[in-house]
Amino acid sequence: MKLSVIGCGYLGAVHAAAMASIGHSVVGIDVDADKIALLNSGRAPFFEPGLTELLTEALASGNLTFSTDFADAAGAEAHFVAVGTPQSKDGLGADLRYVNAAVDALLPHVAPGDVIVGKSTVPVGTAEGLAQRIDPTGAVLAWNPEFLREGFAVEDTLRPDRLVYGVGAGAERAESVLDAVYHVALDANTPKIVTGYATAELVKVSANAFLATKISFINAMAEISEVTGADVTALADAIGMDARIGRRFLNAGVGFGGGCLPKDIRAFRARAEELGVGHSVAFLEEVDAINLRRRDRVVDLTTALLDGDVTGRKVAVLGVAFKPNSDDIRDSPALDIASRLAALGANVVATDPEAIANARRMEPDLTFGTIEEALTDADIVLLLTEWKDFTGIDPVWAASLVKTPLVIDGRNALPHTQWIDAMWEYHGLGRR
Ligand code: UDX
């Protein structure tokens, strides 16, 4: 099958390579010529485990090409729209300019019967409007949200938990084309839900809202634990054993960040307001506030542990990416905390296995170094992103480098008994 993928960011580049790897003939299209040149040479424009190998194989097989020319989408049966929907300038809502531009550029090259497949995360109601614009071309619109997690993007694309098809006019055509696209996942019994546009759009935003709520719930329990002497990790283990609750996404710490959860809950609130049902998701404001308070907590605790003044004190920051196995620093709690401590006068040295280049572009005044450079003579160590490179640090070795063996585990991810045995003063979040 011939497919086009419009937008070669985290979502589109992985989708294009994954679809080519299962035998489809795929062209990835993006307006950024540098990105396209990089992808055509088999290099990913961002760090994602397994993606370079997948790209290299797919390019060598001849199944995958990348182009800046929308005319190359002509002849494809399905055109995936996978462009970004960033937070709008006013901080509310989603900015749909890339989705609209992609559809405008694509429409002159589609043929009757082609299926345009929306993958971007959009406010509910967007697909219905796009379907009307597409209708005169004879092409059909489907909405097929994507649930991939950074760090597991290849695995999530090839083996999704479920497939959701939002369909409207031309539903049969849309479903049969999508079935052919996803035949490998369907053969492996991946569940499929066929529904309308609005439900498909909402599945994505409500899934992210639920995940954000789950994280903020446990972080709220961390706040309570901090004043009562309870241990939020034991609490999460205990409530997580109830299958109705489940242990995943109950890790308390510095909270959620990244290019999806924070912006998606804000856009969801803004859209609900527009629809006159703002009260229905008003709680997401609290979810956001709890999440941001966790960053304040780490800044305040660091200051308190350094006797009320961080000026001139050396702070080793382990991790700046918003999560491990990613070089993404968008809305990263770790980078935010590092910058705030630096702004307060601390001598921050931050380290990260993959995200330093991105972090340096965003925060040029921050100092970055190796793990050893960060730890040497540090007054305090902050673990803010739980990369294996950090959770596996030998606490005896680390103690030999620092000035004071004092650590805040912002992810409750260090083997704390080993650190305590190595004479560290250990502070987890939400536990004494
Ligand atoms: C998320 C959704 O999981 C994915 O389905 C959707 O398609 C895009 O948004 P992603 O942003 O890649 O994916 O990361 P995810 O693994 O969900 O983590 C989000 C943030 O929550 C990270 O900052 C992570 O550190 C944090 N988190 C996650 C916690 O603080 N505690 C947890 O228990 C889990």
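Along the chain as shown, residues are numbered 1 onward.
Every residue gets a Cβ built from N, Cα and C, even glycine.
Automatic prediction, not curation, is the source of TrEMBL annotations.
Remember, it's a predicted structure, so these values are computed and weren't measured experimentally.
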Co-listed substrate-binding residue [TrEMBL; alongside F147, L148, R149, E150, K204, F249, L250, N251, A252, G253, G257] among K89, K314, K323: K323
Which of K263, K403 belongs with D30, K35, T85, T121, E150, R330 in the NAD(+) site listed by TrEMBL: K263
Residues among the recorded positions K35, T85, R149, C260 that border ligand 1 - Cβ under 6 angstroms, in sequence order: R149, C260
Whole-number Å value for how far C260 (active site, nucleophile) lies from K35 (NAD(+) binding site) (Cα to Cα): 21
Closest of D30, T85, R330 to G257 (substrate binding site), Cα positions, binding-site residues only: R330
Residue with minimal Cβ packing [other Cβ atoms within 10 Å] among the binding-site residues K35, R149, K204, R330: R149
Whole-number Å value for how far K263 (NAD(+) binding site) lies from R149 (substrate binding site) (Cα to Cα): 15
Integer mean pLDDT for the domain 'UDP-glucose/GDP-mannose dehydrogenase C-terminal' (316-416): 98
